[in-house]
Amino acid sequence: MNDNYHVFSDGRIERQDDTVRVVTDDGEKKYLPVENAEAIFLHGQLEYNTRFVSFLNQEGVAVHVFGWHDHYAGSIMPKRGQTSGQTIVDQVRAYDDPGHRLKLAKAFVDGSIHNMRSNVTYYDGRGYDFEHVLEELEDARASLDGMGTIDETMGVEARARKAYYSTFDEILPEGFVFGGRQYNPPNNEVNSLISFGNSLVYANIVSAIRATALDPTVSYLHEPGERRYSLALDIADLFKPLLADRVIFRLVNRGQLTTDDFEDDMNSCLLNEAGRKTYSKAYEKTLDETIDHPDLGKKVSYQYLLRVEAYKLKKHLLTGEEYVPFRRWW
Amino acid sequence: MVYIVVVYDMEADRTHRMLKFLRRYLTHVQNSVLEGDVTEGDLEKIRSGVDEMLKPGESTIIYRVSSEKMVERTVFGDDPAADDQFL
């Protein structure tokens with residue numbers, strides 16, 4: 001079982017009776033079955049101590065911390081179960097070889113565009129006319145071949161994402177005005193949902209990469225960051241349309257999230273606690289959805305697809321087998 | 001994955017041992033009752049753990065269902081297992 005647990009309450013999180021317990025500020029005690037846990041997401045204000053951290057390390061459970069403005073603040077990762085010097089060496093070699101790096105960067109963008117396209121196609125068939133956006137996405141994808149640098153490749157990704165986001169204002173109902181991507185902080189409901197959703201995807205991929213011996217800081221499309229796990233950013237782009245965005249459309253269009261689930265602060269707009277809870281629940285449900293995997297010959301959960309992606313990349317780096325990015329096939 | 005419901009009956013001053021053990025794997029839904037999804041491997045660990053802990057006169061029953069989808073679960077009142085992934 002690879003469950004994610006989300007803690008929204010304020011209080012303490014601690015080791016108790018060989019498992020994890022949350023004691024809320026109201027004095028309520030809630031237990032979390034540690035054996036089923038993949039990661040614990042902390043959204044509330046929580047205190048913890050070293051005993052808690054070493055316990056989770058021993059159990060192989062990650063903690064992802066979310067801070068002010070729903071920002072991903074960082075992770076406490078268990079020590080590596082997997083270490084392989086060879087993987088790191090191959091990973092860095094691929095980064096250092098401009099041709100190889102460019103090829104991987106293009107693969108990530110190619111997959112991302114395909115997955116954006118898949119969302120647009122879905123709505124194109126449901127009363128919206130997105131023919132022009134589909135063409136724009138196809139043009140962007142076709143232009144990838146001719147790109148000679150990482151910057152140009154990034155430019156293609158930006159162009160595609162802009163076209164993709166242009167559909168949001170039409171798909172989302174009245175009251176949810178988007179008007180283009182803004183973050184730091186998000187300026188309206190839609191941007192705040194995208195930021196929150198993307199940070200959940202990112203944190204899940206940080207966990208998935210940890211299951212391999214890959215180093216999360218050595219990336220190909222994004223520049224290896226000083227403080228970020230930039231490889232997680234590369235892989236997250238592939239999955240944002242499938243995970244983060246579909247959940248937004250579903251919740252907003254069905255009225256399960258309304259403008260009451262947000263609070264406006266000085267020139268920012270953020271999900272409130274109820275909104276974050278609603279979103280995380282729908283998001284976790286999506287991660288549990290399963291799909292027949294043609295290559296693996298079995299049903300796998302969306303969450304497992306994230307791990308498959310990390311394994312595929314590792315295999316490519318070690319054996320040279322072609323890396324084919326995740327493309328929604330259903 | 002299998003879905004299991006575990007109920008136990010032990011001497012009053014010893015029940016916390018079982019609770020403490022089972023909580024690592026399952027959600028505590030009522031006094032002496034826990035339930036949840038576990039892997040076959042964890043089920044084996046639960047079985048041997050439970051067996052070791054019991055004294056003469058005490059008992060534990062594990063109900064096993066092939067999947068959570070096979071369970072029809074009707075709850076009256078507050079559901080203690082609702083949203084147990086969200087604290």
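Just so you know, the numbers here start at 1 and follow the chain as drawn.
Positions of Cβ are set from backbone N, Cα and C atoms, glycine also.
Mn(2+) binding, as stated in TrEMBL, involves A:HIS222, A:ASP237; the candidate among A:GLU152, A:GLU157, A:GLU289 given for that site is A:GLU157. Put plainly, the binding-site residues A:GLU157, A:ASP237 were compared by Cβ crowding within 10 Å, and the winner is A:ASP237. The Cβ of A:HIS222 (Mn(2+) binding site) has 19 other Cβ atoms within 10 Å, all protein chains considered. In the three-state DSSP classification, A:HIS222 (Mn(2+) binding site) falls within coil. For the Mn(2+) site, the Cβ centre of A:GLU157, A:HIS222, A:ASP237 serves as reference, and the other residues of the chain with Cβ at most 8 Å from it are A:ALA105, A:PHE108, A:VAL109, A:SER112, A:MET154, A:LEU221, A:LEU233, A:ASP234.
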